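Asker: Provided herewith is a single structure, encoded as structure tokens, for subsequent inquiry.
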């Protein structure tokens, strides 16, 4: 086992479980009842993550009116989140691999919950509203940037391979639930009580989730983070450094990173531009239809992809074959529907194509999202952070490039061609070089 620092393969936040590993040690995985409870709680955590993330976009008109911002100024506020989000992915994954993903999740959730609650209060004591809200969103990005790398680290070490895809897919549906929850409840609160109530609602629910998780799922010992453990998480001693040279000489590592870059950037592109596409192409359409239906469809498709993946693995099919099959659907088939979206002039067909494209993208949860856990479970958080950082940065570029293409060509077809092209690069790379067998560097690293 790793001594001192670096990646690890030991139980997170608790004692040994029943069962034996190959090396004869106690199995670190959750039992079935534990796994079910944690899956539900992590789904709720992901839901509240998106509730807090989408509070500002939901209150866009009210905030702009209240503080007299134009679209350019409000764009600065919105984009500041992603710059902060990029900066903590890697360090969040690394610290999670050291002290436990559940500890990092709860610490970050506590911080962003308090920040969300305090934001309306602090706007009353400052006159520099643009600077304050921009700084607040940047800090929100920093705090939420650790979430998914920590989640990857936690699940890679506590969930069995045969159950990993369904668990990750189920937890991932929290993003759709959160978007729907804050879109529905937030809109009502905004109309009834003003924009401040949306922030209070999201922040207080997050703090309640943290309290319940700490009280009912973790013991006092598991909640304690010794100073030496935290220091170890923030540094990488020489004798246990991550074997970067060995790790990044492996083609499967680059395959999963490039695929993650592609899928993350195209997701951000569709998320950012689909509402504008519908509003401009079908001006008489109802906003609640195109803002809700695709995300409703994404929930069952995500659950189905996880169930199907784990079922096929349990039937004896090769893990890498299943991962690639899921990725073909998540990147390939979804891109076909995106291309169709740019060609149709029918609102009903456009809703079907958009729902299919967004829904099928969730198959990525059972493809590349769990593949990094197959390759290097003890370093999954850190590697996921590397891939997600690049994905967020490329996403910003693709979102800007899509806007430039619309302005210069006057056609939405070019945007959906961009989505398909970027997805194709990631998919082809993963199909050619992707593997699911645990890398030698990971086992050597754990033995240090």
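Note that Cβ sites are derived from N, Cα and C of the backbone, with glycine treated the same way.
TrEMBL labels come from automatic prediction, so no person has curated them.
Sequence annotations record features per position, and here TrEMBL assigns domain 'Major facilitator superfamily (MFS) profile' to 38-438. Among the features that TrEMBL reports, transmembrane segment is placed at 37-62, 74-92, 104-126, 198-218, 251-273, 293-313, 325-344, 382-406, 412-433.
Tell me about the setting of these features in this model.
Answerer: Among residues of the same chain six or more beyond the transmembrane segment (104-126), those with a C-beta under 8 A of the stretch's C-beta atoms are 42, 45, 48-49, 52, 55, 92, 95-96, 132-133, 136, 139-140, 143-144, 146-147, 150-151, 153-154, 195-196, 199-200, 202-204, 206-207, 209-210, 213-214, 223.
If one looks beyond the transmembrane segment (198-218) by at least 6 residues along the same chain, the residues whose Cβ comes under 8 Å of a Cβ in the stretch are 13, 37-38, 41, 44-45, 48, 51-52, 55, 58-59, 102, 106, 109-110, 112-120, 182, 185-186, 189-190.
If one looks beyond the transmembrane segment (382-406) by at least 6 residues along the same chain, the residues whose Cβ comes under 8 Å of a Cβ in the stretch are 7, 79, 82-83, 85-87, 89-94, 97, 148-149, 152-153, 242, 247, 253, 256-257, 260-269, 272-273, 372, 375-376, 412, 414-415, 418, 422.
Here the transmembrane segment (412-433) has Cβ contacts under 8 Å with residues 251-252, 254-256, 258-263, 265-266, 269-270, 273, 277, 280-281, 324, 327-328, 331-332, 334-336, 338-339, 341-343, 367-368, 371, 394, 398, 401-402, 405-406 of the same chain, all six or more residues outside its ends.
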Asker: Would you kindly list the residues that approach the transmembrane segment (251-273) from elsewhere in its chain, counting only those six or more residues past its ends and only Cβ-Cβ distances under 8 Å?
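Answerer: Long-range Cβ neighbours of the transmembrane segment (251-273): 327, 330-331, 335, 338, 357-358, 361, 364, 367-369, 371-372, 375-376, 383-384, 386-388, 390-392, 394-399, 402-403, 406, 415, 418-419, 422-423, 425-427, 429-430, 432-435, 439.
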Asker: Average the pLDDT scores across the domain 'Major facilitator superfamily (MFS) profile' (38-438) and report the rounded value.
Answerer: 85
Asker: Would you kindly list the residues that approach the transmembrane segment (293-313) from elsewhere in its chain, counting only those six or more residues past its ends and only Cβ-Cβ distances under 8 Å?
Answerer: 161-170, 172-173, 176-177, 179-180, 274, 319, 322-323, 325-326, 329-330, 351, 354-363, 365-366, 370
